[in-house]
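Asker: I'd like to ask you about the structure that follows.
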Amino acid sequence: MGLSEAPGQRDTQALLSTTQAMELRRRDYHVERPLLNQEQLEELGSRSSATGTLQWRTWFRCSHARARALLLQYFPVLAWLPQYPVRDWLLGDLLSGLSVAIMQLPQGLAYALLAGLPPVFGLYSSFYPVFIYFLFGTSRHISVGTFAVMSVMVGSVTESLAPDEAFLQASNSTVDVAARDAARVQVASTLSVLVGLLQVGLGLVHFGFVVTYLSEPLVRAYTTAASVQVFVSQLKYVFGLHLSSRSGPLSLIYTVLEVCWKLPQTVVGTMVTAVVAGVVLVLVKLFNDKLRRQLPMPLPGELLTLIGATGISYGVGLQHRFGVDVVGKIPAGLVPPVAPSPQLFARLVGNAFAIAVVGFAIAISLGKIFALRHGYRVDSNQELVALGLSNLIGGIFQCFPVSCSMSRSLVQESTGGNTQVAGAISSLFILIIIVKLGELFQDLPKAVLAAVIIVNLKGMLMQFTDICSLWKANRVDLLIWLVTFVATILLNLDLGLAVAVVFSLLLVVVRTQLPHYAVLGQVPDTDIYRDVAEYSEAREVPGVKVFRSSATMYFANAELYSDMLKQRCGVNVDHLISQKKKLLRKQELKLKRLQKENKLPKQAAASKGTSISINVNTSVTDIESNDVEGSKAKQVSAGTELEDTAARGQEDAKAPDMSSLKTLGLPQPDFHSLILDLSSLSFVDTVCLKSLKNIFRDFREIEVEVYMAACHSPVVTQLEAGHFFDASITKQHLFASVHDAVIFALQHPRSSPVNPVLVTKL
């Protein structure tokens, strides 16, 4: 007696069999629907022309709700500050603001030096713009203020418009530092106002999308090249050298050569100070990274280094005993507002636009990263307005252009910052330093500030590893990276950015001109069509060619599309059309010659009508006995034959078969229908319309009917607006899918017969 199966086992088998049956039913699904061309699809789906919303009408509406919406849109602080959870977020924002302020102090002093300005103006740039962004910004975590890339761009402008050579004193050939600094401050503040005006204007017209033209490889390569520029610009402070002011193309190369040439003049005390400060900063950063989880906030290595270096410099007398350059006098208090110099606008507008775009690109990219991480939205246009107002108002108070810093933003987020209250708190700390504590840093060595700048370049210099990753991932992006880097290094920051943007846009155009063209075949037992060169099981439908391009067709690649279509179809369409026209022309000339020859006997018959009629009615015996009359009878019979031949020629010319490829003895294509898969078509221009019409005309000349498939609704609308559809090309030539077009083409062949079994199988 066998053992019976346990109930649980039977239930498991039943469940498995049910699951397998459901899986099979799910896999072998069957869909039935009618064949749909564009006309039938529009009727079935009740398509109506999309009515464009007149956005400008809403701009002039006046209501309480619209006024409130505009107020909250341009003053975001009014939306989130009344709902600020003081008990939950204030402590985190307070600690975060203090941490950021501790970083702002040394970086502000150092980046002002990088911009070619007295260090105190870096403190001003760390106060005014930060507070303005607190009122108008939409990102809750970015730290606005001085940034190395922006500072080096400003420095290239100030040193080119106010070089040291322009302020040499005639008496002792030394530089008038006070006059030079005053001129550079005026240039930098005017540049900031102009950058702010551009950013505010672009933001108000919703031009925030301009940053989309700066791809990530382009921005990373540009910031990497800028970090190299920053590093080279700080070598004179590390070695204590006095270098010539250079700007323009190849200025970086000349600066490196001059540093190498003047290395024997290095001030040893300055170099030792920079090396010691750099080692201390690196050790503190390594310590912070290792104990990041245990420490409530990172150790302020930069601030501690500045305080220690200032104390040592004051106690030892580094400036007098070892010739180490120090910051010098730092005035206490704030400076009054100063109007910009309009005379400089024309000379600064190009650099201002480059700085405005780069600053916004860096800010919005960081802002979107933090917004995605914390689940809120950043308005790119309002960010542009907020940065513009920060630079505009900051420029009036003698600040230089600012953006956001990645290192400070990461600190602001990691130390518990939740909103821009942290930024406001950091700006208040900077205000206290400006008013009361700034003058304590008068003996701070400039070499220490250079060490702070160089150590903070680590993150951007690490972007050189992008070369390896892009080589494996996308070599076109690698090409953009390399061109951007080389152009920025050789041509300076402004021209380098222009070259990079133009090159990346040209590369996009080139890539659309070289898309992937494919002849599609049907995957067995499906309505899916794939490239026959990639899918070995995909088979072309007999008598039908399906062609697809991976890019949209427009003026730059329309001719290439037509050429590749004719090449992939395996038929020399142009040669076949020319041969057909040549044979038809010969046929027409032959017909005209026959008609001309037919006129001569008719004219002779009109002049000798009696003898001709007699000869026609004469018997054969009489004709043989009379040679002359016999010749006339032959002439009449020849004329009758020519007339019959001409009549037959005219009838043949009128018959359609006389102009067919088969009748003319020309080879026929092995397909009767061509289907253009236009699923990749995203827009239509006039060149595209003409190319499509030419494709219809040419293939119909060789007896191939053309159909289109898978057009999106906006493309159909543009085809209608361009008057593409007419009596010869109707919406019945446009189908909802490639499969619909294939079935219709098989059911309505233009020339060759179709196997009904094949249509049923499809």
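Glycine is treated like the rest: Cβ placed from N, Cα and C.
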Asker: Name the residue range among 14-32, 299-317, 527-545, 679-697 that TrEMBL annotates as transmembrane segment.
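Answerer: Residues 299-317 are the ones TrEMBL records as transmembrane segment.
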Asker: For the feature transmembrane segment as recorded in TrEMBL, pick the matching range from 224-243, 384-403, 704-723.
Answerer: 384-403
Asker: Is the transmembrane segment (267-287) packed against any residues at least 6 beyond its ends, judged by a Cβ distance under 8 Å, and which are they?
Answerer: 237-241, 299, 301-302, 304-305, 308-309, 318, 321-325, 445, 447-448, 450-452, 454-455, 458
Asker: Considering only Cβ pairs under 8 Å, which range in 299-317, 384-403, 447-472, 478-510 makes the most contacts with the transmembrane segment (109-136)?
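Answerer: Comparing 299-317, 384-403, 447-472, 478-510 against the transmembrane segment (109-136), the winner is 384-403.
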Asker: For the transmembrane segment (299-317), could you work out the same-chain residues 6 or more beyond its ends whose Cβ comes under 8 Å from its Cβ atoms?
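Answerer: Distal contacts: 99, 102-103, 105-107, 109, 273, 277, 280-281, 284-285, 287-288, 324, 326, 440-441, 443-445, 448, 451-452.
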Asker: Could you tell me what the rest of the chain brings near the transmembrane segment (384-403), counting residues at least six beyond its ends with Cβ under 8 Å?
Answerer: 74, 112, 115, 117, 121, 124-125, 128-130, 132-133, 136-138, 144-147, 149-151, 153-154, 185, 188-204, 207-208, 334-335, 337-340, 355-356, 358-360, 362-364
Asker: Would you mind listing the long-range same-chain contacts of the transmembrane segment (478-510), meaning Cβ under 8 Å and 6+ residues beyond its ends?
Answerer: 152-153, 156, 213-215, 217-218, 220-222, 224-226, 228-229, 247-253, 350-351, 354, 357-358, 466-467, 470-471, 556
Asker: With Cβ distances under 8 Å as the criterion, find the stretch in 190-214, 415-435, 447-472 that has the most pairs with the transmembrane segment (352-372).
Answerer: 190-214
Asker: I need to check the long-range neighbours of the transmembrane segment (415-435): which residues 6 or more away from its ends have a CB within less than 8 Å of a CB in the stretch?
Answerer: 77, 80, 84, 89-101, 104-105, 108, 120, 123-124, 126-128, 130-131, 133-134, 137, 139-141, 143-144, 297-298, 332-334
Asker: State the non-local partners of the transmembrane segment (447-472) in its own chain: residues 6+ outside its ends, Cβ under 8 Å from one of its Cβ atoms.
Answerer: 106-107, 109-111, 113-114, 119, 148-149, 217, 220-221, 223-224, 226-228, 230-231, 234, 237-238, 240, 270-271, 273-275, 277-278, 281-282, 285, 302, 305-306, 309, 324-325, 327, 406-407, 478, 481-482
